């Protein structure tokens with residue numbers, strides 16, 4: 001446990017932020033024992049907090065980042081670096097982009113520094129069988145070693161799975177599950193755990209909404225299901241919720257509504273993989289649960305960032321008075 005005891009979080013965050021303003025792509029090479037310490041300490045914190053987080057607004061919610069470190073820095077510049085704002089990230093920190101290590105290290109460092117104000121959910125890429133293939137394993141092996149990748153795996157296996165904001169907004173990476181009847185089922189999932197090939201945990205990280213599906217449908221991903229608008233409406237009604245907030249799919253404007261604004265998809269990696277001309281978005285939830293969207297245009301476009309008008313959820317949602 002020496003790695004944890006000697007961890008200088010402020011120094012690590014400072015070095016990770018030093019590349020602000022540099023040409024995108026410049027690496028920050030932390031010491032291996034520092035990264036190991038980040039994994040071990042954050043793992044402790046994840047396990048000390050619920051697998052189904054109960055959070056309070058105001059906070060900012062972000063979708064997939066996928067190793068696009070300089071876009072993550074732009075998100076923080078736009079939304080406010082912690083602790084100026086509270087954050088909830090919906091998973092998929094690693095793979096595909098060029099700087100998964102910087103991305104996950106900064107996020108874990110902020111989790112350690114501000115454990116009650118900064119929250120990270122698990123995405124389907126925080127899973128050994130996926131990030132072994134899509135880039136994170138290769139990045140760890142090239143810049144450090146395979147043992148460090150395995151340390152990250154142990155950390156990812158302890159991430160929380162879902163969050164509920166002020167008893168009204170249900171957040172997860174993928175979507176709903178035909179197995180999900182009670183929130184208690186999520187709370188009963190034991191950590192550490194890998195992501196199974198099917199079932200509740202798999203679906204929460206993998207499923208997608210589909211406007212052409214009635215009920216539950218098959219998916220092109222070959223994992224989990226798609227679900228229609230009626231499934232969303234029934235779920236919200238049953239659990240007295242107002243909105244599902246999820247990530248997992250590239251959307252052109254960085255956010256996209258579904259099922260009469262009862263579900264929103266967030267994607268926070270602009271110009272994803274350099275192949276899509278998508279914007280990235282972050283959803284700000286204020287104390288009254290009014291939601292607005294902050295948009296990151298692809299960096300190459302050199303257009304100013306735009307703020308979309310405030311969007312009420314299904315009319316105006318009033319924040320529950322604290323008992």
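Glycine is treated like the rest: Cβ placed from N, Cα and C.
The annotation N-acetylalanine is assigned in Swiss-Prot to 2 on the grounds of similarity to another entry.
Here the Cβ of residue 92 (Mn(2+) 2 binding site) has 29 other Cβ atoms within 10 Å, regardless of which shown protein chain they belong to. A coil conformation is recorded for residue 92 (Mn(2+) 2 binding site) in the three-state DSSP classification, outside any helix or strand. Per Swiss-Prot, the feature Mn(2+) 2 binding site maps to 64, 92, 124, 173, 248; the stated evidence is similarity to another entry.
According to DSSP, residue 66 (Mn(2+) 1 binding site) sits in a coil region rather than a helix or strand. What Swiss-Prot records for 64, 66, 92 is Mn(2+) 1 binding site, and it gives similarity to another entry as the kind of evidence.
For the recorded site, residue 125 (active site, proton donor), the DSSP three-state label reads coil. Long-range C-beta contacts of residue 125 (active site, proton donor), restricted to its own chain and to partners at least six residues apart, with a cutoff below 8 Å, comprise 66, 91, 92, 93, 94, 95, 131, 134, 136. Annotation source Swiss-Prot lists active site, proton donor at 125, citing similarity to another entry.
Sequence annotations record features per position, and here Swiss-Prot assigns phosphothreonine to 307 (among others).
Summarising the annotation, Swiss-Prot assigns phosphothreonine to 311 (among others) and lists similarity to another entry as the type of evidence.
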Check your understanding: Counting only residues 6+ apart in the same chain, whose Cβ is under 8 Å from the Cβ of residue 173 (Mn(2+) 2 binding site)?
Key -> 90, 91, 92, 121, 122, 123, 124, 204, 205, 246, 247, 248
Check your understanding: Can you tell which of the binding-site residues (66, 248) has the fewest other C-beta atoms within 10 angstroms of its C-beta?
Key -> 248
Exercise for review: Using the centroid of the Cβ atoms of 64, 66, 92 as reference, list every other same-chain residue with Cβ within 8 Å of it (recorded Mn(2+) 1 site), in sequence order.
Suggested key: 63, 65, 67, 91, 93, 94, 95, 96, 97, 123, 125, 247, 267, 268, 269
